Amino acid sequence: MVGMLFVWQTFLFVWACAAAVEVGEKPRPVIDIVRDVDNLGSIWQFKGTNTLIRHQGREILVRHGGDQWSTVKKFDQGVNTVEVDPYYPERRAFAWLENNELYKTDDCGKTWARVMHVEAEPGENLQRYSVYSNPDNYKYLMVTSHFERKDSSPVLAESYEKQWVSQDGGKTIAPLGHPDPGVYRLCHFLRQARNHDVAKDSTILCIEHDAQKHTAVLYRTDDFGKSKQALDSFDDEIVSSVGLLGKYILVTTTEDAYNKHAVQHVWVSRDGDKFQKIIFPTHIRDNFFRAVTTSTGNQIIFSIPAGKHSHSRKNALYANYISDSSGIQFHAVADSLDERYKELGPVMALDANGTLSMVARKSSTEDQVTLLSYDYGYSWQPMHLAEGEDHKALGCSKGGKECELPVQLSQLVSSSGLVGHGESATSGILMGIVLKKRGSRGPRKHKYLSVISRDYGLTWSVAFEYPVLSFAGNYGNILLACPYNPGDDGDPEEEIYYSLDQGHTWEEHHIEGKYEFVRVHSAISDGSSTAFSFLAVGDDQNTIVVDCIFTDIHNGKECTDGDMEEYKLRNGNCLNGARYTINKRKSEAACLLKNDPSVINPLVKPCDCTNADYECSLGFLGLPDKGCTADLGMLRSAGACKDNPRELMPMHKIKGNECTKDLNIEPVKVDCSAVQNRPDIEVTAHVFKTQFETYQYFNSAEDDSLMVLTKDKRALISHDSGKTFKMLDTLGSGAELITFNRYFGDLAYIFASDDVLYITDDRGYHFYAVDLPEVRHLFLPLAFHAKDNQTFIYFGGKDCEKLGPKCHSTAYITTDGGRNFREMLTGAVSCEFVGSIYSHPANKDMIMCEIENKKERRNILLRSTDEFRTSDKVFDSIIGFHTTGDFTAIAVSEGRQQVSSYLTIDGVHFNESRFPPDFVAPEKQQSYSVLSAHEGAIFLHMSKSLVKHKEYGTLVKSDSNGIDFVVLKDGVNSNAEGLVDFETPEGLDGVILINVVENLDQVQKGKAKAKHLKTAISFNDGVDWKYLSPPGKDSSGKKYPCHGKNRAKCSLNLHGYTERKDLRDTYSSGSAIGYMLGVGNVGEHLLPYEQCSTFLTTDGGVTWTEVKSTPHQWEFGDRGSIIVLVPDGVKTNSITYSVDAGRSWQDFKFADEEVIIDDIITVPYDTSMRFLLISKEHLRGKSKTYAISFAHIFKRQCEFHPGGGRHNGDFEYTSIKHPDYKCLFGKEVEFLKRIKYDCFIGNASYTKDYRTSRICPCTRQDFECDYNYIRTSDGTCKLPSGVKPEAPSAVCERNRDLVEYFQPTGYRKIPLSKCEGGLKLQRTDSPHPCPGKEKEFYEKYPSSTNASSVVFWWLLLTMVLLVPLWVIYDRGIRRNGGFSRFGEIRLDDDDLIEENGLDRAINKVVKVGAYGVAGLFGFLLLLKSKAGARIRRFRESVSSRRGPSYSSLISDQFLDDANDLLVGHDNDANNLNAFLDEDGQHFDVDDEIEGADQASYHDDVDLGRTSE
């Protein structure tokens, strides 16, 4: 008995000691540090086993549990990668060798078999490779290799992929066909998830991109490439990409193959056969969007980065959209949010039966919060701090639910599976990082804290006082963390923390030496792993690998029922139609869960169905609990409006919902008649409770963004041409003004009433706020730098507490985008960064500013090159200055009410504009307008009358230096604001339209009640003018009462620039070459606007047609392939449009209710197929908008082949030329024009693809009158009577760069003209050196002799000639009677004095001279007689014509070189009308005298001729 007791005592002691040892020892993982990391691979774990695998060098290593690593395979080549098959992680892995051989194992690494060897062809590099298995068939494998060509080719693609497939698990493998050269192909098994709806597990989907043709083909094969089946859904679509997302196949198509920023459309399919386009509330552009699915796999979540390069921004904002359970109909997450939340991050699916997370910010200046949704995004709530946690450490005023947290879920967490996607699960354990709020307690050493949640993110506790990277294993029962910075925990060495009790306590393992972790790898990616591999880099750049292996932790004990506890999701409330209970391991349990996710699968108890379990059906909008309303447009797009009327179910149960006892849903009748047969035009209407004040598109091709300022001081932004709008949060302050940067199309500035400036550099997607200087806002325009978007000048009022004499403007400059301002210049009211604008500035940093001098009541112009730290005065008294093109024009005050014009092209040299003698200026020039500048010429309108409703002026044009002006036309219409009826159609060089005052004489004398206006057009930059040619019939086919042959009495007249409601509206479009629209009438002069019709030209103004009998507003779309008209000033509910260049027109009803459309707008370049109608209800103070899209009205995109022949796909080369001559400005230019009307153009750069078919010889049409010369009735240029020509060398004084000058001819070449050869009216052939430039002149003309040499040789020649001449005179003329007998000498006279042989020789010379002189005079008399006879005969030949005759010289009689006539003694142009061109052909200048009396006798009336 005593022995037995001793035995028991001994046993109990040993057991107690063992227990004490077991309790005292904490379980620790195996942590190995590998310092020889050359070609050391990451750890992988075979699922459901404790077997680990990796590679090093040429070996593959395996480890079982706590055993050591052992070699299972050694190759002749080094191993590049080893990866476990994600679909069959229990047994299969693949290994790639350095020689591109592929091996596989099917038994957890015990044995290995060769699959294939990938070889690159000559001239190719193998970049990467991958192997894919099929989740539903173990034997199916696909190997993909990515190649790049060493030498790029214009025909072959730079990179491409090849695919091989195996049907027997890799025993044999064959290529999946080969794409054509130049084609890039991507292929996937369509089965990407088990239980997929794809009919066959062998189905492969491929997309082939042809980069040269900008096309892609999508097809499927069910027999491994033996046959291909094209997808019919995309026959007329431009496919851009294909992707697989859970149960869905996603295909994106683009509206424009030539525009990388074009609108994208997404199509979804579950079976790879039937695809349906998603219904999306806005536009998707680019391909930078995130797509995830919810836990059921039915809902798709799109998170689209907002704005330019947002996908790479650190704190990018996102627009989030969630689909219904069909994956087709999307709604914006923002629609389900509290209005407090303005800015959103991407949505993440937390895989907890519908749990989603999203970061939000209440405003751009407030702290972020993270929101949770448990119902697929229909409602959201913030994350908050757990009870009992120190809220003050986070900056919260209260704890618990009052402390909302901005939790950024750890990147390691989301990528590893702590939260994860697919099969990943962690029993509700999440880790993240929190940014401390403003005013948090304690040291600010660390701005971030690491937090942990154990209830799927509802409540959070602090885990670390600094940010850590975190990782999870065994479904959250193993947690690892390492500090972002090794020294954050007070220890400079790196360490790894791990927790085995779900983050309640942490153990630390030090890593000797100073290392920083750069990569962490989990052996299994679904959250079940028990092995991890850390890569760390030391200070000396040496690397180590730290393996943390938990496979034998807790002695390998697996959890039993006693180690588990129940957790009810959402506190036991219904979620997705059921109540979910999850088995979680107790945090203190010393065990690991089985390596099987089924151990944590929830228990599901269905709930009775409610509205929350239903969603609106396809084509219905709203929420089930508030009612689902039919949207006819969406129903039509979804194909649900084929029959009429029809009954449809407004809502249905969410797919995958677990609820029972379905609701009784009554069908609704839908009348589809309104949309069944209408064209495929989309309309989106909005009603605003305020009126639009200003609106403008951003000048960018990346999207259709615009901003609106409303009357109640709100700023609205739309990125889809008005389809959706959002409001900018100005924190309660009103938006006072919106300004756009004229040089950078993505930038805009919003002035708020609290002196805050909101700036966007990405078209309104993001804004940042800056404080303006503490001065009064004067609403003066910002001045922008043309090259630096961060530099601009703001003008504020100092001493302006009260508006009085002390109040003055001050300029403040910023060079960092407004974040800091520096006071630059007091008194400045206007500045320009001229150094950034000029082509050749004297200093690129030059700024010019206008300074207001209140005391002397004048303004001063200053300039500076150091931001006005120093400056110098340019002019003492100016009216203003303006930079256009490459010129700055300054209006200088010259005494009381007198203005002069000065121009500069470099900011240093200023030249006064010189006007010709025929320019009759008013006694005091009070104003002028700078109209245009191009190709080195500037147009001015010099005002001659500022009398109200009687304003007009003279149109003048400068030479290439902007100095010497010539008159183009007098009596050009203007208004009191300085606007002028002057327009140059975009894209048409030299074409100008103006309105002239027909009754100018009566207006000048004060006898006219109103101005009578006529529209004139010039095709050669203002040299010649014609009245517009009227159409023969009106829009109803009736002839006009007047005939266009007499254009003085019958021409087309258009309302011009002075009457525009919006000055941005123009006749033309820069993208629709040759197209113009205008409102006017056919008759003697212009009628009032309401009595006019709408006219169209497609040939640059040569011919016109009436398209509507009433005034309409218009816009061009898609480079002119769409023309949209809307009635102006009357109620309407329809638009009229044409898609065939105006040949036919269709009406489209955009609304049921009639409204007055105030404006129709589109993007600045008229390249979009979307338009916005704006209506203002002035009495009710509302605005309505109608976003109209023609994006789907065409069947296809036009084919365009750059560099093709005359017929280029759907385009044809056509020329826009002078109506009377083939050449325009010395060349024949042909543009590509669409000739097939069933396609749209898009962003194909065909407008740039023009060609010059011929350079023409110079003709009279390529010249205009030079300075001081005037145009006469016969078209020649002459000096006015009494005007002396300036010295020819004066041109050298005006242009100091000139080396030579020529004798003036009265003509100068039009700067736009590119002609070569032919006439040279602008100069003689003999240049002369400019004073002081003789050296440069003779270097330029080496054949010329220098001045001293010329003098010497002339003196020598003179001496040689004078001696014999004196002898001849003395002995042959003087003593024979002198010159008095010269005309009497008879050739047979014998009374000449001859004393010797010398006398006889001299007399013979005298006789020969007499013959020569007599012959010369006789020839001249004969020539004069014959020329006079020819002129008389020419006048007789034209006398039968009606009207005055021409005065013309027939040049081929006596001109060997036409230029010889240009050097006349009277310095005029010698009455020239015709000269020889290169081909020796004659041409007539069709110049006719202006005026009603003369014009009544002519078919064509040329304007601009003034009879002498």
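From the backbone N, Cα and C atoms, a Cβ is placed for every residue, glycine too.
Feature annotations, reproduced from Swiss-Prot:
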type: SIGNAL; residues: 1-20; note: signal peptide
type: TOPO_DOM; residues: 21-1348; note: topological domain 'Lumenal'
type: REPEAT; residues: 164-172; note: repeat 'BNR 1'
type: CARBOHYD; residues: Asn353; note: N-linked glycosylation site
type: REPEAT; residues: 372-381; note: repeat 'BNR 2'
type: REPEAT; residues: 452-461; note: repeat 'BNR 3'
type: REPEAT; residues: 497-507; note: repeat 'BNR 4'
type: REPEAT; residues: 717-726; note: repeat 'BNR 5'
type: CARBOHYD; residues: Asn789; note: N-linked glycosylation site
type: REPEAT; residues: 812-822; note: repeat 'BNR 6'
type: CARBOHYD; residues: Asn911; note: N-linked glycosylation site
type: REPEAT; residues: 1095-1105; note: repeat 'BNR 7'
type: REPEAT; residues: 1137-1146; note: repeat 'BNR 8'
type: CARBOHYD; residues: Asn1243; note: N-linked glycosylation site
type: CARBOHYD; residues: Asn1346; note: N-linked glycosylation site
type: TRANSMEM; residues: 1349-1369; note: transmembrane segment
type: TOPO_DOM; residues: 1370-1404; note: topological domain 'Cytoplasmic'
type: TRANSMEM; residues: 1405-1425; note: transmembrane segment
type: TOPO_DOM; residues: 1426-1508; note: topological domain 'Lumenal'
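For the repeat 'BNR 6' (812-822), the residues of the chain that approach it from at least six positions outside its boundaries are 757, 759, 761, 768, 770, 772-773, 775, 788-796, 867, judged by C-beta separation under 8 angstroms.
When pLDDT values are averaged over the repeat 'BNR 2' (372-381), the model yields 81. On the backbone, the CA of Asn1243 (N-linked glycosylation site) and the CA of Asn911 (N-linked glycosylation site) stand 43 Å apart. DSSP classifies Asn911 (N-linked glycosylation site) as strand under the three-state reduction. Tertiary proximity for the repeat 'BNR 2' (372-381) is limited to same-chain residues at least six positions away from its ends with a CB under 8 Å from its CB atoms, namely 294, 299, 301, 320, 322, 333, 336-338, 347, 353-358, 456-458, 570, 575-576, 612, 623, 654. Taking only the Cα positions, the spacing between Asn789 (N-linked glycosylation site) and Asn911 (N-linked glycosylation site) is 31 angstrom. Long-range contacts of the repeat 'BNR 3' (452-461) within its own chain (CB-CB distance under 8 A, at least 6 residues past either end) are made by residues 350, 352, 355, 357, 370, 372, 383-387, 389, 405, 407, 428-432, 434, 502-503, 567, 569, 587. Neighbour density for Asn789 (N-linked glycosylation site): within 10 A of its CB lie 15 other CB atoms from the protein chains shown. Counting every protein chain shown, the Cβ of Asn1243 (N-linked glycosylation site) has 20 other Cβ atoms within 10 Å. Using DSSP to sort the residues of the repeat 'BNR 2' (372-381) gives these counts of helix, strand and coil: 0 helix, 3 strand, 7 coil.
The residues of the repeat 'BNR 5' (717-726), classed with DSSP into helix (H, G, I), strand (E, B) and coil, number 0 helix, 4 strand, 6 coil. Counting every protein chain shown, 18 other Cβ atoms lie within 10 Å of the Cβ of Asn911 (N-linked glycosylation site).
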